[in-house]
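Structure record follows, encoded as structure tokens.
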Amino acid sequence: MTRKTSTATIFNLLQLACLIATTSASIVSTGDFNRDFDITWSPDHVNTSPDGRTRSLKLDQESGSAFASKDMFLFGQIDMQIKLIPGYSAGTVLAFYLASDQPNRDEIDFEFLGNVTGQPYILQTNIYANGYDNREERIYLWFDPTKDFHTYSILWNLYQIVFMVDWVPIRLYRNHADKGVAYPRRQPMSLKASLWNGDSWATRGGQDKVDYSKGPFIVSFRNYKIDACVGKGNPRFCRGDSTTNWWNNPRLSSLNWYQRRLFKWVRKYHLIYDYCRDTNRFQNHLPKECSLPKY
């Protein structure tokens, strides 16, 4: 099967998957950034449309910028449409993530690493569980994320964490807590986005720096959906399987056959770094989850 054919098949199948997922969803977000999020860094660098439906973050010589959800969540699905910085974006980092803000924090990260003009963005994902991270993976996207909006999603349930791009699963992290592997399952997390200067490491290990003469650097957001359990009161409510907590349904305990096909396609053609293959970094003692099943 050619790469072109498998790409077309991927999107046809996932259109159906998207329809199935949304029919049983219980929406907790309003679609209004002003109502669902607080501006947490540099309000004069955050621009929100009059109807609250779109928002942008700006980075310049003065400051970066950020916003965070008013509520905290324990399991669910998060979707956000994002359009990244066009042209020269080296050294910039857009983080779109869930975080618990505890000393032993849990965190589920998308990090978009800018590049020099003509070179592709790198999408890095990472997971903190009980305060420990070092679980980075990196891919090149199969499209230009600066030309239009694309949907970036996190499905987080009792069984697995699935990172998705336009409904294509790009990364899995399975709940192997019963085997001694830390998994985010007790700490509610807020949804955050921040745009900042990460040029000490973000592009070619820090070799390419932010060039503010090519700024300001702007990232745009729209059409978000937070379909998750608000982490208040008894956490058992969020861990239960119910019509409301559809994400904990056992049918979502693993990828189905066509999602696995998509996942394998991403790993074959677009993966550029996987911590589970970095034996030098871990001195031939890879983290335990690296030897355990992903499905």
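Just so it is clear, glycine is given a Cβ too, placed from its N, Cα and C backbone atoms.
Any TrEMBL annotation is an automated prediction that lacks curation.
Annotation source TrEMBL lists signal peptide at 1-25.
For 21-221, the entry in TrEMBL reads domain 'GH16'.
The active site, nucleophile annotation in TrEMBL covers E107. The Cβ of E107 (active site, nucleophile) lies under 8 Å from the Cβ of Y97, L98, A99, S100, N126, I127, Y128, D133, P184, M189, each on the same chain and at least six residues away in sequence.
The number of other Cβ atoms within 10 Å of the Cβ belonging to E111 (active site, proton donor), over all protein chains shown, comes to 19. The annotation active site, proton donor is assigned in TrEMBL to E111.
Every protein chain considered, the tally of other Cβ atoms within 10 Å of the Cβ of N115 (N-linked glycosylation site) stands at 19. Taken from TrEMBL, the feature N-linked glycosylation site applies to N115.
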